[in-house]
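Straight from TrEMBL, the features:
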- Lys9: active site (ACT_SITE)
- 67-145: domain 'GHMP kinase N-terminal' (DOMAIN)
- Asp137: active site (ACT_SITE)
- 232-292: domain 'GHMP kinase C-terminal' (DOMAIN)
Amino acid sequence: MTTVRSYSKINLGLHIGPPRPDGYHHLATIYQTIELHDLVTVTATVSGETSITLRCQHPGVPCDERNTAYKAVAMALDALETKAAVEIAIDKRLPVQGGIGAGSANAAAAILALEAELGRQLTANARLALAGGVGSDVPMFLIGGTMLGIERGEETFPLPDLPSFHIVTAFPEVGVSTPQAFRDWDATLTQNAENDRLIEFRRRVAMAFAGQPGVSGKAGDLAEEPLLALVRTGLENDFETVVFPQQPSLRALKSALEEGSLYSALSGSGSSLFGLYCTEEAAQAAQQRVRSLGCEARQTRTLPRSEYWATMFI
Ligand SMILES: C[C@@](CO)(OP(=O)(O)O)[C@H](O)COP(=O)(O)OP(=O)(O)OC[C@H]1O[C@@H](n2ccc(N)nc2=O)[C@H](O)[C@@H]1O
Ligand SMILES: Nc1ncnc2c1ncn2[C@@H]1O[C@H](COP(=O)(O)OP(=O)(O)O)[C@@H](O)[C@H]1O
């Protein structure tokens, strides 16, 4: 039996580009892993026939082949050319359709736990390719820390880790369907310049993380924190444009998170929102403000890559 902490993520800026011929959208985002997690437990025994069973206590999570962890395990067994009896148990602590990638993280955790159970590993290339086949934000959970995501989000590159910040996440009861949010974005747009925005965002990320002057247009900010550099030049999540008008209460939650924060935003396509804070006091105050609006709020922190891997297996 192998149990893995299936950590979640936030998006620090997200730009949506034009639709691709396969129906997905080009995008550019910074992913950041955070400490909040589900637990994924896998038991696997090599067998003459493959059987996969999955248990999860959350009513919104399918327990069949539609489950991301189920899919990932089935695909990994194929890639390993192995048949096995596999039991997966997901202890769901995070919201479903929350924009913090919990379902995607479950898939990555299941692959890693299956490998540990079988004592065999896919090549890094095969593992990343397989993860991208399960979902666009599954591969980032095989890297962890601060990352750039491009193409449809599945091409993920590690960035130098941001320092660990205090975070408050707001979990509204409403869920947001990711495909619907992309369709809504398409419906509101004249898209001529959209690819240019992705390219510009990628360049700003490169400059900010290289610590180069010119990000803010001012000389002398070589040592500036990458996050501050990005915030100063505008760090936006395009999904806010379509999700906030449909769910106006989310705007008030963002305002509640904003005070005293370095940055606050919707995560992914929502409905979760988050704020980043330099001090625990500022985070505590924000948590209280969100709770006073009747919304669940949790205090947590960003998880750098080394800690992500060091604390994953229980
Ligand atoms: C857009 C993000 C940002 O982090 O949203 P969240 O899920 O976190 O909210 C993710 O990349 C989502 O990743 P994931 O949840 O794995 O999405 P997938 O299963 O690959 O795709 C679900 C559906 O979303 C749409 N989709 C997804 C990614 C993309 N770049 N373009 C799209 O158009 C497609 O309609 C696709 O069928
Ligand atoms: N292991 C899983 N955990 C959560 N949701 C899952 C899982 N497998 C499949 N799903 C389905 O995926 C959808 C959203 O997944 P989730 O990762 O929670 O959202 P988001 O990508 O917005 O963070 C839900 O509609 C749910 O039915």
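Glycine too: its Cβ is placed from the backbone N, Cα and C atoms.
Within 10 Å of the Cβ of Asp137 (active site) there are 28 other Cβ atoms, across all protein chains. Per DSSP, the domain 'GHMP kinase N-terminal' (67-145) is made up of 45 helix, 8 strand, 26 coil. In the three-state DSSP reading, Lys9 (active site) counts as strand. Across the range of the domain 'GHMP kinase C-terminal' (232-292), the DSSP-based residue counts are 32 helix, 10 strand, 19 coil.
Summarised as a single figure, the pLDDT of the domain 'GHMP kinase C-terminal' (232-292) averages 96.
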